[in-house]
Amino acid sequence: MTDKAFSNDTIVTVPFKSYEDGASKNEDLPPPYESPKIDFSSGWKDRWFMIIFWLHAFIVLVIGLVLGLPVLNSVYIHASSNLPDANITDEERNSFDRYLGVLAYALGGAIAAGSVTSLATFFLLQLCAGRVIMCTLIIVIVIEITLVVVLFITVHWVACIMPLIVLIITLIFMSCVWKRIPFAEVHLRVGCAALHSHPSVILIALFIFIVQFLWFICWFLMVLSIMHAMDGPMVLVANKDTAVTTDIYGTSSLYTTKPMSFNANRYETKRPIYGITQNSISYNTQHKSLYHREPQDNQVLRSIVGFLLLLSWYWGANTFKNIVHFVSACTLGRWWFGNNGEQQYLLGTSTKRAFTTNFGTISFGSLVEALVKAARSSAQRESRSNILACVAACLLRILEKMIGYMNDWAFIYSALTGQSYIEASRSFIELFKKRGWTMIINDTLIGHALGIINLMVGLTSAVIGGVLVYIFTRNSIEGDAITTITIAAVLGFLIGFLFSSITTTILSSCVRTVFVCFALNPAALGATHPEHLQRLTKAWSKFYPTEFTASGYVDQLPNYNTVENI
């Protein structure tokens, strides 16, 4: 059959019937090599959420650039005019220049180390994913045992109680899931194979990361302008040694800007000596702080504004993040369904869908998650002084995890079928209910393993970056070697962790898409990558034989009893 992407006469045809007695009936199943049809019969999905998002993004951009930049410039002028430049010697200026050079070395070394380490880890996952998962679990155990021993030797045996409880829970968890590592390994190898065949999706992820960074800058400038409008100038210079700053909740602090004892042109901003918050005045002798509280209606207004600003940030950040998730799912769909779904899942076509016909779907789901995140952040800020806010923050955090988890699967289904957010969520839940796999999707070790891999890549990049900077700059940094290497190590860790996170995030999306594609039509993989279908069917029949038999696909798949061990 021939599928035409974005056609108006196509509909989604997904079989939902399961057979409780274990029998399978081929007449109710899709043809072996058929990819799911894209449903664009009703045009753009969730279009109103797309319109609202772009309108919101336009407002953030205009406010940030038109009003935020002048405020930032004013802050810079006030700060620079009150720095004691007369006290800076030529030697200190030269020291500062040397530090800029060291920073350039550190940045270059960190980028090189992070890139090489992330690439090496990816190829290692392709070759021996199961062993990598085992090693990550063992590393966690070693770290926890080391922590218990160190606390017992250096602190007190009482300090070991909580780490010891965590260690016991981890050991119990490992004993339960260790035998399922081969099952997770097969799915991770399939995800790696798809990403290896279409590595250009990593460029899309890097581009979206840059967009997220630009979004943060625009949002930050908007916050500055709103704070300036609500509280007056951002920095009020009392004299050359003091300045007042204000946050979005109306908390103002008087700081001293006196320089510390000089070392490489660095300045120290002391702790606030005076703080002005709202109405009723109190004096704190320990921190020498003066608090003033404004009327209750201003407090409510500031809380509302703070919530809306958080909502704006989370909505934009989640939307761009989920675009990468959407495109990654389409990438695996192309790899899975091959030429029959090529037009549906081409990188250019899927990226176009993510920003056009399905952008409303992504915006809708991201808005739901952003609302919960903003509410949780607002409640968490008040949790120190309000027990109800503390309880609300805990409940909202649980809800946030649930919605985020559901969105991951809904966006995959939307990427494969083109459905709206509500339709994709319902279809996904119905599909996995009918297949009897509702709980199996939780049975994966891959997410935890990828998180440990990110940490290890970051640490490795930190070590490599620090060593490289020391080797190439040891004759120029003189007595500041420790500071220089520390800067290089921190940059190496952050950049290595970032690069690894980009790759592992795409891998995680691909692995979850494997679950959905296998539920939709596992036989389609037989026409494109039969060796991976063999491994998947062997793994499912070994670890979940009842569910796999009840799915109804057994008679449609070839006999793989002679496949080599996975």
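Just so it is clear, glycine is given a Cβ too, placed from its N, Cα and C backbone atoms.
Since the structure is predicted, the reported quantities are computational estimates derived from the model, not experimental observations.
Range 102-125 is the one annotated as transmembrane segment, of 102-125, 390-413 (source: TrEMBL).
Taking pairs at least six residues apart, the transmembrane segment (201-227) and the transmembrane segment (484-507) share three or more Cβ pairs below 8 Å and count as touching. Residues 124-125, 163-164, 166-167, 170-171, 174, 178, 181, 184-185, 188, 445-446, 448-449, 452-453, 456 of the same chain, all 6+ positions outside the transmembrane segment (132-155), place their C-beta atoms under 8 angstroms from a C-beta of that stretch.
Counted over residue pairs separated by six or more positions, the transmembrane segment (484-507) shares at least 3 Cβ pairs under 8 angstroms with the transmembrane segment (102-125), which defines the two as touching. If you look at the transmembrane segment (445-472) against the transmembrane segment (102-125), you find at least three C-beta pairs under 8 angstroms, all six or more positions apart, and that counts as contact. When each of 48-72, 102-125, 161-181 is checked for Cβ pairs under 8 Å to the transmembrane segment (300-317), 48-72 comes out on top.
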